[in-house]
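Asks: This is the structure, below, for whatever I ask next.
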Amino acid sequence: MTIIRKSHPLFKIINHAFIDLPTPPNISGLWNFGSLLGMCLVLQIFTGLFLAMHYTSDTLTAFSSVTHICRDVNYGWLIRYMHANGASLFFICLYIHIGRGIYYGSYLYKETWNIGILLLFLTMATAFVGYVLPWGQMSFWGATVITNLLSAIPYVGQDLVEWIWGGFSVDKATLTRFFAFHFILPFIIAALAMVHLLFLHETGSNNPLGIMSDYDKIPFHPYYTIKDLLGVILLLLLFLTLALFFPDKLGDPDNYMPANPLNTPPHIKPEWYFLFAYAILRSIPNKLGGVIALALSILILAFLPYLHTSNQRSMMFRPLSQVLYWTLVTDLLLLTWIGGQPVEPPFIIIGQLASILYFSIILILMPTAGLIENKMLKW
């Protein structure tokens, strides 16, 4: 008799995706972040659901409803801080996941990679609209500044901004629709994550060597389920330490002040996970140019499969590419720091140089390094 997990129409799908899935035997801990992202998404959906039960999306009561959650709801403070810090955790995992994909050449699975980029955009959109909901000072001004960037689009820009706002400024209509978007988007992300997995399982997982491993596979369960479980435990340890001991470490103190359209905060800046893109935006003195650079800073990921010039897939045995890769990582950390600084010397020039370096490494230096390494292998 066939085991039920192999014959049942529903269990069969789960079996092929998580139990009997043929997996390369040499994938490292960096491959854990896919499952950790899944865990983060589930965590965010559940904590978000409980927060939505007590939250009111009205400009007059939004701020006080968040206060009410923290003070009066049973474990409301914990749910709120888990949700807020869960977003940071989500982006940490997301950036490491993308970084691993770049290092080991996973972007050559084009369908999986492109859906991943779409998932990144949707996650960023979800985080942005979610940050507006507490209706603090930084929520209000962040929403005003970022949505206003769309007015740089020729002809339709201003109409587009007013259409998103639902009026002539960020107000009740904006908050209500942002709450609606923030509620629905995670479910769209979950559906797309399934498609992401579907395409990944068509080709099979990549591995650190970047070579085909079809002749040498092991089942996902029990080997990688145990490995993923270890990752989950370690991540939860880090997460709960952050949420319970340092709940406001990654937040902005300005957001503890109710939104006031008549009083601008001294430094308007987004959450830490958007600072690198914000620094690129600010490094160009032209509004439209800045918006284009901002969009390209993420969209550039879609060009990676076409900029791959090396004969080897992975960077594991490519020393020049490795140096450039870690320079890129350092550059992104530098941009993140600059994004949180005021617009004044020497931060302006550092931001501009870091932005130029970011695009130069990806568009020019990495493809050139690939060609040089090909030549070196022939000598």
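Cβ coordinates are placed from backbone N, Cα and C, and glycine is handled just like the others.
According to Swiss-Prot:
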- 33-53: transmembrane segment (TRANSMEM)
- 77-98: transmembrane segment (TRANSMEM)
- His83, His182: heme b b562 binding site (BINDING)
- His97, His196: heme b b566 binding site (BINDING)
- 113-133: transmembrane segment (TRANSMEM)
- 178-198: transmembrane segment (TRANSMEM)
- His201: ubiquinone binding site (BINDING)
- 226-246: transmembrane segment (TRANSMEM)
- 288-308: transmembrane segment (TRANSMEM)
- 320-340: transmembrane segment (TRANSMEM)
- 347-367: transmembrane segment (TRANSMEM)
Asks: Would you mind listing the long-range same-chain contacts of the transmembrane segment (113-133), meaning Cβ under 8 Å and 6+ residues beyond its ends?
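Replies: Same-chain contacts beyond the ends: 55, 57, 62, 66, 87, 90-91, 94, 98, 101, 106-107, 139-140, 142-143, 146, 170, 174-175, 178-179, 181-182, 185-186, 188-189, 192-193, 195-196, 199, 270-271, 273-274, 298-299, 301-302, 304-305.
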Asks: What residues in the same chain, six or more past the boundaries of the transmembrane segment (33-53), come closer than 8 Å to it by Cβ-Cβ distance?
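Replies: Contacts of the transmembrane segment (33-53) (Cβ under 8 Å, skipping residues fewer than 6 from its ends): 69, 79-80, 82-83, 86-87, 89-90, 93-94, 96-97, 100, 182-183, 186-187, 189-190, 193, 228, 231-232, 235.
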Asks: At least three Cβ pairs under 8 Å linking the transmembrane segment (320-340) and the transmembrane segment (288-308), pairs spaced 6 or more in sequence?
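Replies: No, the stretches stay apart by this measure.
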Asks: Using DSSP and three states only, what is His201 (ubiquinone binding site)?
Replies: helix
Asks: Tell me the Cα distance separating His97 (heme b b566 binding site) from the residue listed as 'ubiquinone binding site', rounded to the nearest angstrom.
Replies: 17
Asks: Measuring Cα to Cα, tell me the gap between His83 (heme b b562 binding site) and His97 (heme b b566 binding site) in whole angstrom.
Replies: 21
Asks: Looking only at residues six or more beyond either end of the transmembrane segment (77-98), which have a C-beta under 8 A from one in the stretch?
Replies: 30, 33-34, 36-37, 40-41, 43-44, 47-48, 50-51, 66, 69-71, 116, 120, 123, 127, 130, 235, 238-239, 242-244, 247, 250-251, 271-273, 301
